[in-house]
Amino acid sequence: MMSTFNNLFALFLLLVSNDIAYGVVHHASSYPSHVSNVPEQHVHAPIVEQPLAKIDILKAVIALHESASIRANPFLLGSKGEDTEWINVNLEYPRPTNDDWVGVFSPAKFNSSDCYPETGTRQEASYICTSPIKYKYANHSTADYVRRGKATLSFQIINQRADFSFALFTGGFKNPKLVAVSDPISFSNPKAPLYPRLAHGKAWDEMTVTWTSGYNIDEATPLVEWGRKGHNKKLSPAGTLTFTRGSMCGAPARTTGWRDPGFIHTSFLKELWPDTMYVYEYRVGHLLKTELTIWSKIYSFKSSPYPGQDSLQRVIIFGDMGKAERDGSNEYANYEPGSLFTTDQLINDIKNYDIVFHIGGLAYANGFLSQWDQFTAQVEPISSVKPYMIASGTHERDFPNSGSFYDTSDSGGECGVPAETMYYVPADSRAKLWYSTDYGMFHFCIADSEHDWREGSEQYVWIEKCLASVDRQKQPWLIFAAHRVLGYSLNSGLADEGATEEPMGRTHLQKLWQKYKVDIAFYGHVHNYERTCPIYQNQCVNSEIFDYSGTMNGTIHVVVGGGGSRLSDYTENNTSWSLYKDRDYGFVKLTAFNHSSLLFEYKKSIDGEVYDNFTITRDYRDVLACVHDGCEATTLTN
């Protein structure tokens, strides 16, 4: 036991100033009285903030205890190339309470040199200034921890380019006291290329692949080896980006939530054959100066169809999924309880769709940068084999005085930088995340609701250009999407403000939807499902509910924000235009069978079954037909 204490004390000396003497406990705040060992019942209500934000890490004090210990095994991870491992953590503490918790820190050696407030001046009063990447209560899986003072926990650890340590704290989240720290553990190659994300390029025959690694370009050259399955492969170069603490707009992203993002690489795979029976294989890697290449595992994908191509085409759309932890850490069951339901359903159904649109509400990192790695790892079984297209949302972009349209702090100081760097979209500027993309018979106009979209704005001009550019004879299915509800919703939060939309949304945009005959408009932000009738100016313009044929006369608006985050309520008021509502986790699947037939399905994430659906059957002349405020000019001249 004394040997263990000596090891802990050595770490203690790394954490605090060199002049601290043995046996002295340093405080950033007053030491609370010892909590009784009487068992307590923790009632965990839904969490309305990033769980890591609950930890007041700046108040942490060093209180290493001679009889406390925490051990993690195995020490070496990924020896067979794995990027994920399960870790067993055994801990002992003679003064246990129900508020004791274990934090996972990476890098393993956290210390006061990391303390930088928003001003950039070192903050001397704190000893630990980096939040853990995840945590669990000590009694998470050991019911008698308070009685015995011993517990065993299991954590799922992903490769995040650094080593890890496990720290036992008492005093809860508000007054944490560090009583024991484990020896570090590490992946065999922390810098390995990981978590590829496919996305459309700007040309129809181009696919991009983005991935994360620990290799900067002065150490290794990023590249992709790819080609048709069974044929010779070619090499394509990749560009490299990263960002720094100074790129963040505020706390916690540039303070306690900061973590080095590594390096993000993007390669452009060009001149692909249109969607056919051909399957492309690829792997990402880094050519070291020793001429050794570090490769990822091999992935495969199918290229996208030529714009207008007549074939079976299947699209998934949802918003606000967030991330969760399969090991039960971070209390995500109370924060984003449906995230894994949606992820797993899409993984299980991977062969039955072609492209994914995640329209905002991505990682919900909210300024805790470690969570972006964990999100990209969670969706990697999807994004590595299907184009994973994103939209910008509140939790990706919004922060005061940062140029976002909404002056909220939802991004936790990220102000769009991680999302815009981690994911490629075919936008003219990643800082203005609006773009168009084609998938066969579909034309998508993806707006950025976190930048001004009102009439006269730069984005409004782009939206009209995007809607006007489509040839409906070749691409009959015109889809608009944005994160915030710019159309229609009976969300209770909007109703409390006397609205059924994001203020000013319909006022500025409905004339464009009507003029260019948008078929369906999708939104997230509101965490539930809702579908309207074809509607214009608050009035249903088509009496059908499930089987639409001929001219639609208006746009169907769909809220599909039930990807995983805690659910939103509806107002008790009802309207004739709201046809179907579901307060549950789910996603939408669109299936275009040909130029005349489209199937819409809303599926619940828990079982993958269809709970709402409709079809659209029409010919090209129905798209051309005159509708209210959507008629082409005519003349009586012969």
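Cβ coordinates are placed from backbone N, Cα and C, and glycine is handled just like the others.
Record features (TrEMBL):
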SIGNAL    1-23  signal peptide
DOMAIN    70-189  domain 'Purple acid phosphatase Fn3-like'
DOMAIN    197-302  domain 'Purple acid phosphatase N-terminal'
DOMAIN    314-529  domain 'Calcineurin-like phosphoesterase'
DOMAIN    554-612  domain 'Purple acid phosphatase C-terminal'
Across the domain 'Purple acid phosphatase Fn3-like' (70-189), what are the DSSP residue counts per state (helix, strand, coil)? 7 helix, 48 strand, 65 coil
Tally of helix, strand and coil residues over the domain 'Purple acid phosphatase N-terminal' (197-302) according to DSSP? 3 helix, 50 strand, 53 coil
Averaged pLDDT score, the domain 'Calcineurin-like phosphoesterase' (314-529): 96
May I have the DSSP-based helix, strand and coil counts for the residues of the domain 'Purple acid phosphatase C-terminal' (554-612)? 0 helix, 30 strand, 29 coil
